[in-house]
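A short write-up of the structure that comes next.
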Amino acid sequence: MDSRLPTRPENLLYGVEDRPPALTCALLALQHVSTLLLNTVYLLFALTTAGIGPEQTMQGIRVGFAVIGIGTLLLCQARTHFGSGYLIPWTFSGIHIGATLAAARLGGMPLVLGMTLFAGVVEIALSRIIGRLRSFFPAEISGLCVVLVGLSLGVLGTKLLLGVADGSAATVPAAEVVLGGGALAMMVGTHVWGGTYLRRYSPIMGIVCTYLVGLAAGLIDSHALAAIAAAPLVALPEWSLHVPRFDPALAVPFFAVALACCLRVMGDVAVSQKVNDRNWVRPEPRTMSAGALADGAATILAAGAGCMGGTSNASSVGLATATGVTARVVGLWIGGLLITLSALPAAALFYLSIPRPVLGAAIVFAASFVLVNGLQIVMSRALDARKTLVIGLALTIALSRNVMPEFYAGLPTALQPYFVSDLAMGLIAALFLNALFRIGVRSRETVLLPPDAAAIDTIRAFLEMQGSRWGARRDVLQRAIFGACQSVEAIIEHCGVTGPITVEAMFDEYNLDIRLTYDGELLSLGAEAPSHDEIVSAPDGLLRLAGYLVRGNADRVQAAVRGGHSVLVLHFDH
């Protein structure tokens, strides 16, 4: 564990441990709540798919407000082994939606609750061990999870936007579809051409403005408006709980959901660590594990309260970064505001009165960013043929479910539950292929370089090939290639090398080391650059300059004589 205290970046107005003024906290909490409530559409879709009636759906949405609030309070905790310790709100997630809808169709809310409870328990178990299995969950698989979530959300949002159930005829009036299209156009317009302030609120502005247009055009259900007007000011939810039911056939999809949530929250914690520390180098595993533990506990809470599962909200992490306020105390305000909203019946009734195509537009808008973020994570790593096949085959398998639904519907009944979620299909396929393709991949490789002009091209090709095979980060790999090439050039030109140079490259998920062993003069690693006169007149001036430049290209450099050979080791943090 890194004991170094984090250094707050200059762009943060309030850091994680600061306490902003109450008014600032309240306004920021309102922004975050408006973002979190968009995800309540997943719960709404789950309730309606499970056949829950309008009155109980409204009560379930109100309970959902409270669950999001309490989940946020849990995730923002800063206990030694529980809570992320950062401003990371919790909300219902698109990661759960595919498996949840399948459970809702097969067994209603009792099966949804039982399988959500199972997912929460699995996530808690994974939070204890996933750090030790990091090599089996590389960044490209985490990115693939995000891509699959984006695709799932895009499909769901498009169906809601167009008013279709399963690719069939529209089930909502054409005017509402037009309203949804207008909402999407406004969200896109304000985000692309609006200023920084408007971009933060583009989804909310699109929903509110098109709602007002729908109200003026008579497209909002009059019965819903009457219910809002007649609702009591304050009342506790009257939610009928269901007895959870477990189905082993759905264990695989919900295991994949739990794994994806675990990876998601650990990624959000890592981002928060980086945002709050100017000198951040790598994720701190204890905090990530504690955050995943709290996330699993929040999912268990959601199941106990009669709701679907969720996870950390990456949009809120981005909002905190954009506003420059990452104070954890804001999470307490967010939780309190959401719990308060659960006691206001009109809030849930207003939410339910929003036309489905408008909510679909918000999901499509969000899915666009989720999808691109996932692609960026995948492409942040160098990909060799093995990793390309892992991503390509897993993505193809996941997409096949929506492209060929008739094929999967025709599978034997006993097999169908294993193919209900494209996220689960893609993630399980990626994990299997990654484990399979790791056969024959070593974390230590060696090459001999001739002490001539061809050495530079040889070591460059060697490191590019190995970096792609290992899945090293592109930025780290490029630094390593530059530093190694410069070192070899300095050794050949200034160290009087005799015989070949042995290059040994070693990699794990945290470190990339390059060891150069040769017969010749030891490269001097000066902490200060030699002066111009020293470079020109001193016998070792050029050698000292070369050593100084090599020293500046790596995170750590060591030079020593071992076994009668000169050894230069370049270390790069990964």
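The backbone N, Cα and C atoms fix where each Cβ goes, and this holds for glycine too.
Note that TrEMBL annotation is computational and uncurated.
With a cut-off of 8 Å between Cβ atoms, the residues of this chain six or more beyond the transmembrane segment (21-45) that come close are 14, 57, 60-61, 64-65, 68, 72, 89, 91-94, 96-97, 100-101, 156, 160, 200-201, 203-204, 207, 307-308, 310, 313, 315-316, 319-320, 323, 325, 327, 329-330, 333-334, 336-338, 341, 351-352, 359, 362-363, 366. The annotation transmembrane segment is assigned in TrEMBL to 21-45 (among others).
Here the transmembrane segment (57-75) has long-range neighbours at 36-37, 39-40, 43-44, 47-48, 82-84, 88-92, 237-240, 265, 291, 294-295, 297-299, 301-302, 305-307, 310, 312, 331-332, 334-339, 341-343, 345, 347-349, 351-352, meaning same-chain residues at least 6 beyond its ends whose C-beta is under 8 angstroms from one of its own. The transmembrane segment annotation in TrEMBL covers 57-75 (among others).
Annotation source TrEMBL lists transmembrane segment at 87-106 (among others).
Marked as transmembrane segment by TrEMBL: 112-131 (among others).
Residues or ranges marked as transmembrane segment in TrEMBL: 143-165 (among others). Away from its own ends, the transmembrane segment (143-165) comes close to residues 41, 45, 93-95, 97-98, 171-173, 176-177, 180-181, 184, 260, 263-264, 356-357, 359-380, 391, 394-395, 398-399, 402, 422-423, 426-427, 430 of its chain (Cβ-Cβ under 8 Å, at least six residues beyond either end).
Under the heading transmembrane segment, TrEMBL lists 177-198 (among others).
Sequence-distant contacts of the transmembrane segment (210-236) (same chain, at least 6 residues past either end, Cβ-Cβ under 8 Å): 173, 175-176, 179-180, 182-183, 186, 343-346, 349-350, 352-355, 358, 361. Positions annotated as transmembrane segment by TrEMBL: 210-236 (among others).
Distant neighbours of the transmembrane segment (248-266): 75, 84, 88, 93, 95-96, 98-99, 102-103, 106, 111, 115-116, 118-120, 122-123, 126-127, 130, 137, 141-142, 145-146, 148-149, 283, 288-289, 291-292, 295-296, 299, 309-312, 314, 414, 417-418, 420-421, 423-424, 427-428; these residues of the same chain sit at least 6 beyond its ends, with a Cβ under 8 Å from one of its Cβ atoms. The transmembrane segment annotation in TrEMBL covers 248-266 (among others).
Here the transmembrane segment (330-352) has Cβ contacts under 8 Å with residues 20, 25-26, 28-30, 32-33, 36-37, 40, 44, 54, 57-59, 61-66, 68-70, 72-73, 75-76, 87-89, 224, 227-228, 231-237, 320 of the same chain, all six or more residues outside its ends. The annotation transmembrane segment is assigned in TrEMBL to 330-352 (among others).
Long-range Cβ contacts of the transmembrane segment (358-378) within its own chain (Cβ-Cβ under 8 Å, at least 6 residues beyond either end) map to 38, 41, 44, 94, 139-140, 142-151, 153-154, 156-162, 176, 179-181, 183-184, 187-188, 191, 202-203, 206-207, 210-211, 214, 314-315, 391. Here TrEMBL flags 358-378 (among others) as transmembrane segment.
When Cβ-Cβ distances below 8 Å are used as the criterion, the transmembrane segment (417-437) is approached by residues 95, 98-99, 102, 106, 136-138, 141, 144-145, 148-149, 151-152, 247, 249-250, 252-257, 259-260, 386-387, 389-391, 393-395, 397-402, 408, 411 of the same chain, each at least six residues removed from its ends. Per TrEMBL, transmembrane segment is recorded for 417-437 (among others).
Proximity of the transmembrane segment (112-131) to the transmembrane segment (177-198) is not established, fewer than 3 Cβ-Cβ distances being under 8 Å for residue pairs spaced 6 or more apart.
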